[in-house]
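Asker: Here it is: the structure, laid out below.
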């Protein structure tokens, strides 16, 4: 890309703290994701359209998008087949990521219940027994640990089972379950659906685009109502179900005089121990000896959301702020587990004093100081990691340190249980507010950052438009962090809402945007939607609700979008998925699915137009329910 087309810091992000760090990076000659994006332009149009196939070694094959050249791959696969297969593989990868996260959480729970992981303990006993009851496990004449062992075995069976249903799907409305069964997309077992994705997309197996995509919906349901939901539930049992609390966000949470430890990734199994170790008197004494006034843990991405929701641990930023946190020059250790971690951090941390510490047996990166984390010695390993950060504090180069002042208060911790508790124990007050028109509907806005969209621009503007029009927003993941940075997660943000929503928020003392957790915690939104639908005796697809992922980028987001739509929620995507090379697949996703499962996708990069689509949909559902 020519120098004259290079984006300025202000064009890359709407967040002022990020703009400051982007300018610092440019001044210091430090490369960021935005620079690498510009180096990639123009991006491969075949890849963008989804019409390149590498599924066998006769290829790669690509289809002419204009219909003037090659119309089939060597095996005879058309654009429809190739696009559908590629999309299915994206769903498989996304579902695998969430579900493997869940597997590790359950295995940790199992080790804890067997006395093999002494650093962990049950923090929500009520949820333990509630979940056990759901799985048909009697607690009579059994110790808590015996119940936990049985529950762990039952949850693990959801991964390997060959016949369905996955038990958590029973939380969905009866009409939705019946529809899934009639369509043949009721998920049977988490691992089975993912394996079948890979089998179907092997050369010479499934070659009907609609048939392929229906299995994609089934696989995504094994994520949303399986892996993700199991992860959320068992993490609540282990670490506590979130309740409303206050904290702070953005790069300004980093400290000038404390040891800064960033936890980044997605699994709270590690970060819970890091938070605990940072309060260890021995390590605090060592920090003082090294010249620091304490130890400051801050999060990035969903590991950050997990500790934020349960402990009020501050968050330094979103996916696209991970490099910027290091560029402050004030981070002693960047501690990572899995998912959404840029391999660029290896080279970047080498430009500063920051230790880049990888901990997962599944994920290593260039330039890391590897400190593999195992549940059996969880706290001891966490102490070693924090100790390494503390000992690195004297190496901080003050000439390179520049921490933006920007930080914003936020109110978080709105699990489904916390929301229902705030409503008096049932969704009835929420339903009354919707029926009366004070709240027009619910907007679920989630997802990643993407350098193709100005950082946080899509997230913040879409959400502002929704609340202005009396739509209560529930949020997770990087959208939640972006909204927090923009000051939308405080009760005072009700001033930006329409009069109806404003009145509800002021009466309850809540923000107009409710932080429900990490990306796996979108399952909390499904639970809440089901509770409302069941109270009304309708399907989720009948509710005045809509979803959006304004800046999505990961394969996990593809799986999320598929299971949200499969659950009956119209969903707007802010970046274009690689499907436009097939008119048939595009038409099915944006129109055809509505007649099949009661919801569909729309693609709209402009957040204001995306909000209009969601508001139009919500208004249509209100009219269908007889609401004004």
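Placement of Cβ uses the backbone N, Cα and C atoms for every residue, glycine included.
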Asker: Which of these, 75, 168, does Swiss-Prot say binds [4Fe-4S] cluster 2 at the same site as 53, 56, 61?
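Answerer: The record-listed residue among the candidates is 75.
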Asker: Given that Swiss-Prot annotates 266, 302, 340, 448, 519 as binding [Ni-4Fe-5S] cluster, state which candidate in 478, 483, 505 belongs to that site as well.
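Answerer: Only hit among 478, 483, 505 in Swiss-Prot's [Ni-4Fe-5S] cluster site, alongside 266, 302, 340, 448, 519: 478.
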Asker: Distance between residue 53 ([4Fe-4S] cluster 2 binding site) and residue 478 ([Ni-4Fe-5S] cluster binding site) at the Cα atoms, whole Å?
Answerer: 31
Asker: Nearest to residue 448 ([Ni-4Fe-5S] cluster binding site) by Cα distance: which of the binding-site residues 44, 52, 56, 75 is it?
Answerer: 44
Asker: Measuring Cα to Cα, tell me the gap between residue 478 ([Ni-4Fe-5S] cluster binding site) and residue 44 ([4Fe-4S] cluster 1 binding site) in whole angstrom.
Answerer: 27
Asker: When you average the Cβ positions of 266, 302, 340, 448, 478, 519 for the [Ni-4Fe-5S] cluster site, which other residues in that chain have a Cβ within 8 Å of that mean position?
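Answerer: So the extra residues in range turn out to be 301, 305, 319, 339, 477, 518, 554, 556.
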Asker: Roughly how many Å separate the Cα of residue 302 ([Ni-4Fe-5S] cluster binding site) from that of residue 44 ([4Fe-4S] cluster 1 binding site), to the nearest whole number?
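Answerer: Here the two Cα atoms are 30 Å apart.
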Asker: Given the binding-site residues 61, 75, 340, 519, which lie within 10 A of residue 52 ([4Fe-4S] cluster 1 binding site) by CA-CA distance?
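Answerer: So the list is 61.
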Asker: Would you kindly give the Cα-Cα distance separating residue 519 ([Ni-4Fe-5S] cluster binding site) and residue 75 ([4Fe-4S] cluster 2 binding site), rounded to the nearest Å?
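Answerer: The separation of the Cα atoms works out to 38 Å.
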Asker: For residue 266 ([Ni-4Fe-5S] cluster binding site), just count the other CB atoms lying within 10 A of its CB, please.
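Answerer: Total other Cβ atoms inside 10 Å, all chains included: 28.
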Asker: Between residue 56 ([4Fe-4S] cluster 2 binding site) and residue 44 ([4Fe-4S] cluster 1 binding site), find the distance joining the two CA atoms and give it rounded to the nearest Å.
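Answerer: Checking the Cα atoms of residue 56 ([4Fe-4S] cluster 2 binding site) and residue 44 ([4Fe-4S] cluster 1 binding site) gives a distance of 20 Å.
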